[in-house]
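Feature annotations, courtesy of TrEMBL:
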- 15-489: domain 'Major facilitator superfamily (MFS) profile' (DOMAIN)
- 17-40: transmembrane segment (TRANSMEM)
- 52-72: transmembrane segment (TRANSMEM)
- 84-101: transmembrane segment (TRANSMEM)
- 113-133: transmembrane segment (TRANSMEM)
- 154-171: transmembrane segment (TRANSMEM)
- 191-209: transmembrane segment (TRANSMEM)
- 245-264: transmembrane segment (TRANSMEM)
- 284-305: transmembrane segment (TRANSMEM)
- 317-336: transmembrane segment (TRANSMEM)
- 401-423: transmembrane segment (TRANSMEM)
- 435-459: transmembrane segment (TRANSMEM)
- 465-485: transmembrane segment (TRANSMEM)
Amino acid sequence: DVVETQEHYKSRWRSIWIMYLTMFLSSVGFSIVIMSVWPYLQKIDPTADASFLGWIIASYSIGQMVASPLFGLWSNYRPRREPLVVSTAISVAANCLYAYVHVPHSHNKYYMLTARALVGFGAGNVAVVRSYIAGATSLTERTSAMANTSACQAVGFILGPVFQTCFTLIGEEGVTWKFLCLQLNMYTAPVLFGALLGVINIILIFAIFREHRVDDMGRQYKSINSDGEGSDVLDQNTEGSIDHVAVVALNILFFVILFVFAVFETIATPLTMDMYSWTRKEAVFYNGIILSAIGIESVIVFMVVKTLSKKTGERAILHAGLLIVLVGFFILLPWGKKLPNIQWQEIKNTTIPRTAPSEMLAPFWSLPELQPPSNHTAEPVGCPVTQSWCLNTPMIYLAQYISSDVLIGLGYPVCNVMSYTLYSKVLGPKPQGVYMGWLTASGSGARILGPVFVSQIYTHLGPRWAFSLICGVVVASLLLLEIVYKRLIAFSVRYGRMQE
């Protein structure tokens, strides 16, 4: 056996930390403009409508879905530095394009669509990141490293909107540099900041990142990616075939996990506006606070699950996480008798309450600064009468909604980390780039289909049908997990090279 030297150990973990940074910057690239896309789109191209906004939001996931298997395949046969640098450079160029979408005299919305799709394409490098981490860690290190990766991703999603908020201080006009044809304002400054972070990331990849591979027991060996680095190590033992039933099952489970969370994110604003008669401003503000709290909760869960998995194993934790998500959506089912306030559209700017307001909602709608100044400027609030289910479906109480948020915020990160960890362990020492690419692509597909599914079902059939179907999907995933439970074991354990 080749014992890992202290120098190799430090270099290996420095490279893993660069991968954490890459994952963080990838999620920042998505979230740093998410709150300002709509007003910026309206400003640069008045012909754009809300449906086109949906395509712009979805284009990121579409780009990532296409790129993930491609970058994964590339990383299987070449040094990973190559796809990492190229993908990051594409994201930098796409962010710069986004800052210039106001320049053309027409079709500006299509330039913005292209820019966001290319940012998503560059984010396909998460498959390379996770395949590298899977190959550069032993089985005992794997869960912790995967949890750290997901935590960096979650922190990026949390801090992106924070960065965006800071840049709002520049204002809509900002500063114009005519010789560069550049307007530096609250819409362009965040993406230029993201581009700068991308350039720093590329420099760090060249300066610090090195190829390292260890087997499941932590012994270092040479792989095709090493490009001459670390020649005095073991050849990898890849005898034995991958359990493709387990691989397909984990892809399906991961799709379900990302699908139900995308549904949860999408439905939050319309649900609270319909159920609690919140205005657009109130819904964005309160749900922003809730989602931020869930993000912080997720980071804590990522840290706790690293320790917990050593005692119970990844499969049991994945099972528990899915059960928690199921309970979270089950709680959202409307059970009471009280109906939501109805927004009668034929009577302008008027809400007809079906029952007296609940006292628990009073703190939210009695805030003086959120009250409209007079009746003729008020926006209609309540459940629109055009949604026929509003007339006969009981409301979902705020306590139900908050409880569901807490449970889903607990279950989702558990399922996310365990899926990646089990997947990497099932694949074993064989190159994981393509497989990780397919897993990332399945998650991207879920983030595209989830919002489409819930928007159609919720609008036409209401929350009872929408959340019942989601509960059914989660129950089906739990049954699938039971069927393949014994197959979700590490490659080395399956072939008797290690004890479970």
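Numbering starts at 1 and runs along the chain as it is shown here.
Every residue, even glycine, has its Cβ placed from backbone N, Cα and C.
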Item to complete: Run the contact check on the transmembrane segment (17-40) against the transmembrane segment (154-171): 3 or more C-beta pairs under 8 Å, excluding pairs closer than 6 in sequence.
Response: yes
Worksheet item: Are the transmembrane segment (284-305) and the transmembrane segment (154-171) near each other by the rule of at least 3 C-beta pairs under 8 angstroms (pairs 6 or more apart)?
Response: yes
Discussion item. Which sequence-distant residues neighbour the transmembrane segment (113-133)? Criterion: at least 6 residues beyond either end, Cβ under 8 Å.
Written reply: 15-16, 19, 22-23, 26, 29-30, 37, 52, 55-57, 59-64, 66-72, 74-75, 80, 83-84, 87-95, 97-98, 101, 145-146, 149, 153, 420, 424, 431-433, 435-437, 439-440, 444
Worksheet item: Are the transmembrane segment (191-209) and the transmembrane segment (245-264) close, by which I mean at least 3 Cβ pairs under 8 Å that are 6+ residues apart in sequence?
Response: no
Worksheet item: the transmembrane segment (245-264) and the transmembrane segment (435-459): do they have three or more Cβ pairs under 8 Å, with pairs 6 or more apart in sequence?
Response: yes
Discussion item. With a cut-off of 8 Å between Cβ atoms, can you find at least three pairs linking the transmembrane segment (317-336) to the transmembrane segment (465-485)? Only pairs 6 or more residues apart in sequence count.
Written reply: yes
Worksheet item: Considering only Cβ pairs under 8 Å, which range in 84-101, 245-264, 401-423 makes the most contacts with the transmembrane segment (465-485)?
Response: 245-264
